[in-house]
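I have a structure here, written as structure tokens, and I will follow up with some questions on it.
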Amino acid sequence: MASRFFVLGLLFGICLAADPSPLQDFCVTDSTSSVHLNGKVCKDPKLVQAEDFFFSGLDIAGNTSNTIGFLVTPATIPGANTLGIVIGRGDFAPNGFSPLHTHPRASEIVLVLEGRVEIGFVTSNPENHLFTKTLEVGDLFVVPKGLVHFQRNVGEANAVTITALSSQAPGLIRVADASFGSDPRIPGDLLAKAFRIDENTERQIQRRFSIDRKDYEKFY
């Protein structure tokens, strides 16, 4: 009986898992610390200043001169440590896109500031239902935690978004990276079967991915 209650308690805890609530008013990141833990070491509260809670620069356009025409500029705010939020600016060149990816530890909310952006996410198995929406300036869209999603510029000019995520460390898993860029590699015959392609095609994709990867990594 005790073990049964333990399992139920464990499952209940997993269901409620999220960034832990802070135990103090704030925990400004101590950038001089080399200690690794779940979060970042707190700066001495007596040394904290208003600047620790401030970021300037999201009005500056990012450089989208890469293979996908997309760049994220994160707002680095030491005072956001332990608060369970991150925010950033997304810049899209015409036809630029944010490839299929997932954030395993966070939900996401996207606000369009300029242009027209199509956004979509896919539900989990077995439905795999695709929800998509074309957003105009001032529109918001929410992506549930952990689901595969994408964004792309469907306007004729540049597009700009502001994105907020519900975790200090939302994580990022790009479908292409995970499938064709793992180290060591996932066996080619397994990838061919999973994607229902022949092994020669899989090798061509792998070679193309290897060539583009250095540039591909710059946009995140």
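Heads up, the Cβ atoms here are built off N, Cα and C, so glycines get one too.
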Please name the cysteine among C15, C42 that TrEMBL pairs with C27 through a disulfide bond.
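The record-listed partner cysteine is C42.
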To the nearest Å, how far is the Cα of H101 (Mn(2+) binding site) from the Cα of C27 (disulfide bond)?
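With distance taken Cα to Cα, C27 (disulfide bond) is 30 Å from H101 (Mn(2+) binding site).
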Determine which residues of this chain, when H101, H103, E108, H149 are set aside, have a Cβ within 8 Å of the centroid of the Mn(2+) site's Cβ atoms, and list them as they appear in the sequence.
T102, A106, F121, V143, L147, V148, L165, P170, L172
Using Cβ atoms only, which residues of the same chain lie under 8 Å from H149 (Mn(2+) binding site) while being at least 6 residues apart in sequence?
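Counting only residues 6 or more apart in sequence, the Cβ neighbours of H149 (Mn(2+) binding site) under 8 Å are L100, H101, T102, E108, I119, G120, F121, V122, V143.
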